[in-house]
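Notes for the one structure printed next.
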Amino acid sequence: MKRANCMNVKLNTLLYIALFSGLGIFSFLLLINYATFSDRVADMLHSVSTLGFFILAFNVLGYATIRLSSWIDNQYALNLHRRWKLVSVYIIVMGMFLLLNYGLMVTAKLLAGASYPFTFPNGGWRILITVWLVELVILGLLLANRSMRNTLRLQQKAAALQKENNTARYTALQNQLNPHFLFNSLNTLISEIRYNPANAELFTQHLSDVYRYILQCQNQRLTTLREELDFLNSYIFLHRVRLGDCIHIDNRIPKTCMEAQLPPLTIQLLAENVIKHNVIHTGKPMTIELLYMEKERELIVRNRIQTKKTVVTSGMGLKNLSARYMLLCNRDIVVENDRKEFTVKIPLLYE
């Protein structure tokens, strides 16, 4: 990588030298071919040393302009609200090139011993302005190209930083499985080992499946609906062992939708929300309905409201889910509560 960057720097340097040398040669040829001088001045101008002086002068000023352009690019964000400063700098650069052309012509006439070195009769000013305008066009294209490349580089860097930030935020939101679930599951497992050893093995298998899926999803932004439902079955089994046979899943999602995608642990979060905020026991069983709206391409998770009086609702779980969707696809979930049923509509994603 460093070697490639070094080669690019060398190549750019050679291109700049060629460009500014070409400007110097162009100005020199235009001067000696179209400006009118005395024979002695003309002989003085038609020399390799004069050509070399033109090339050197344009390279020095060109390099200074490139450095100035880099400074302007770095200062642009800081001075965006004071654009007159940037305009002033570019006007100064334009004036410097005009003065350079004028200075070169005056210097050439002085070296040749011309009588009036500071004036240019016979169309000399017209030649000077023509050379200057051509230089401005070329330099304008060069500086615009540099500015566009610098802007693109900054945009790419900003996009990369934003992506890293979104990934970090998404991971933080994804890693918020309720820690009480593990403690409750371990307590249930201990009880099953003591009173129902045969079921303890099955419980352990489902608990293993749950945490295997959680670990598997740590680096995944999306998973399939099929995997989410398989995980949900294991998750609900654990709660059914703990609470009794009083929580059920009514899955009415068509088999054709199983490859649709959604953020990992989405359905688990909604199921956990149902269990946390509702009274569930054998006298008041709970059914979680899963539906699919084909037109809207949405998964609907719905349950009857059996509110616990002692639970304080923070809404953090749904806020986290909403934030995950906004980070992923700039779409939001829909939450509906009519005091009888609680419904959450989740967008399904299709690649």
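Each position is counted from 1, following the chain as shown.
Backbone N, Cα and C define each Cβ position, glycine as well.
Database features, via TrEMBL:
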DOMAIN    168-245  domain 'Signal transduction histidine kinase internal region'
TRANSMEM  12-32  transmembrane segment
TRANSMEM  44-66  transmembrane segment
TRANSMEM  87-105  transmembrane segment
TRANSMEM  125-144  transmembrane segment
* To do: For the domain 'Signal transduction histidine kinase internal region' (168-245), provide the mean pLDDT of the predicted model.
  => 83
* Structure fact -> Taking DSSP helix as H, G and I and strand as E and B, the domain 'Signal transduction histidine kinase internal region' (168-245) has 66 helix, 2 strand, 10 coil
